[in-house]
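Colleague: Structure in structure tokens, see below.
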Amino acid sequence: MQIASSPFTHNQRSTRRIMLLVILACIPGIIAQTYFFGYGSLIQVMLAMITALLAEGAVLQLRKQPVMARLQDNSALLTALLLGISLPPLAPWWMIVLGTLFAIVIAKQLYGGLGQNPFNPAMVGYVVLLISFPVQMTSWLPPLPLQGTSVGFYDSLLTIFTGYTHSGENIHQLQVGYDGISQATPLDTFKTSLRSQPADQILQQPIFGGVLAGLGWQWVNLGFLVGGLLLLWRKAIHWHIPVSFLLALGGCAAVSWMIAPQSFASPMLHLFSGATMLGAFFIATDPVSASTTPRGRLIFGALIGILVWLIRVYGGYPDGVAFAVLLANITVPLIDHYTQPRVYGHKSGHK
């Protein structure tokens, strides 16, 4: 008899179908990200998926596992997708290959494959790249309305593989907006500018021209929010983690903002910038590395939300979703141990 590994679900849908549903739910966010930041994200995702399938197939072959059966569970594709859309669109090709190899081979297969990994593989790959190559990992283009140079599919492909567009511009030149000023993400801009300006002056910059948050980034987050609500509606994920994540992050941001509005970002900026919605619905809800009890999921999600706020405000990185998820993964055994539902009729006794 062969027993399948986790993740297990309460319904009869296979792991393959659930993974595919999560991939499809990412589409609204990917469309928004492609519109505002170019085709580079699609190229990164394709490179990551090819690398993930080849790497997982090779490791499964070495482990004498059924290659095609394991590859068809779509878990490698989902890991690749999450990593691909997390990287700057025009990051060098070798970075996505390296990050994907680390995610699949080290963070997933080294622990025994799907259902055995204690950490989210995509976030392990992301953090390895962020620590090793911080400059490349923060080289985001300005959103479409602020771009000084339009970057099409061909130029995106050339920049990823050669470092230059067909006209000879590199990534640093492409980062310069229409106003001649090098652009950064809203969270990065806010955090850096706070050293010399009050918040109300910072928010006058064009990058903060969105209704909810940063220009472009608010639509990316809304896209992933739509996909996340689809997953909740289809019962592919539990509500506990994303709700507690967003409430904790929004609560911390609201309290600090009300106390010192000139020193802290507003709750809306935190909720609709960076990887907030992607993290809440697609990353933190990983059924393998997240808590498995109802109360545990609430604690797990809230812990991630608090850690994201702490890292964004006091840490060395503008966005803290990846670090927060991995730190929370460490606490899962402890959380699950103390939040196990009590068996009906069970009474604690003494020897």
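Each Cβ is built from the backbone N, Cα and C atoms, and glycine gets one as well.
Here's the feature list from Swiss-Prot:
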| type | residues | note |
| --- | --- | --- |
| TRANSMEM | 18-38 | transmembrane segment |
| TRANSMEM | 40-60 | transmembrane segment |
| TRANSMEM | 87-107 | transmembrane segment |
| TRANSMEM | 121-141 | transmembrane segment |
| MOD_RES | Thr185 | FMN phosphoryl threonine |
| TRANSMEM | 211-231 | transmembrane segment |
| TRANSMEM | 241-261 | transmembrane segment |
| TRANSMEM | 264-284 | transmembrane segment |
| TRANSMEM | 298-318 | transmembrane segment |
| TRANSMEM | 320-340 | transmembrane segment |
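Could you place these features in context, so I can see how deep they sit and what lies close by?
Modeller: If one looks beyond the transmembrane segment (18-38) by at least 6 residues along the same chain, the residues whose Cβ comes under 8 Å of a Cβ in the stretch are 7, 9, 45, 73-75, 77-78, 81-82, 85, 89-90, 140-141, 143-144, 151-152, 156, 216-217, 219-224, 226-228, 230-231, 234, 236, 277-278, 281-282.
A Cβ distance under 8 Å defines the sequence-distant neighbours of the transmembrane segment (40-60), meaning residues of its chain 6+ beyond its ends; these are 30, 33-34, 66-67, 70-71, 76-77, 79-81, 83-85, 87-91, 93, 96-97, 99-101, 103-105, 108-109, 113, 141, 151, 156-157, 159-160.
Outside the transmembrane segment (87-107), and at least 6 residues removed from its termini, the chain residues within Cβ reach (under 8 Å) are 33, 37-41, 43-44, 47-48, 51-52, 55-56, 59, 76, 79-80, 117, 119-122, 124-126, 128-129, 133, 136-141, 151, 156, 159-161, 163, 171, 174.
DSSP assigns Thr185 (FMN phosphoryl threonine) to coil in the three-state reduction, outside any helix or strand.
Sequence-remote contacts of a segment are chain residues at least 6 beyond its ends whose Cβ falls under 8 Å from one of its Cβ atoms, and for the transmembrane segment (211-231) they are 21-22, 25-33, 35-37, 143-146, 185-187, 189, 237, 242, 268-269, 271-274, 276-278, 280-282, 285.
Outside the transmembrane segment (264-284), and at least 6 residues removed from its termini, the chain residues within Cβ reach (under 8 Å) are 22, 25-26, 29, 82, 85-86, 120, 122-123, 185-187, 190, 199, 208, 210, 212-214, 217-218, 221-225, 227-228, 231-232, 237, 241-242, 245-246, 249-250, 253-254, 256-257, 290, 300-301, 304, 308-309, 312-313, 318-319, 321-322, 324-325, 328.
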Colleague: Would you kindly list the residues that approach the transmembrane segment (121-141) from elsewhere in its chain, counting only those six or more residues past its ends and only Cβ-Cβ distances under 8 Å?
Modeller: 37-38, 40, 79-80, 82-83, 86-92, 95, 98-104, 106-108, 147, 151, 171-172, 174-175, 183-185, 188, 283, 317-318, 321-323, 325-326
Colleague: Let's check the environment of Thr185 (FMN phosphoryl threonine): how many other CB atoms sit within 10 Å of its CB?
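Modeller: Within a 10 Å radius of the Cβ of Thr185 (FMN phosphoryl threonine) lie 21 other Cβ atoms.
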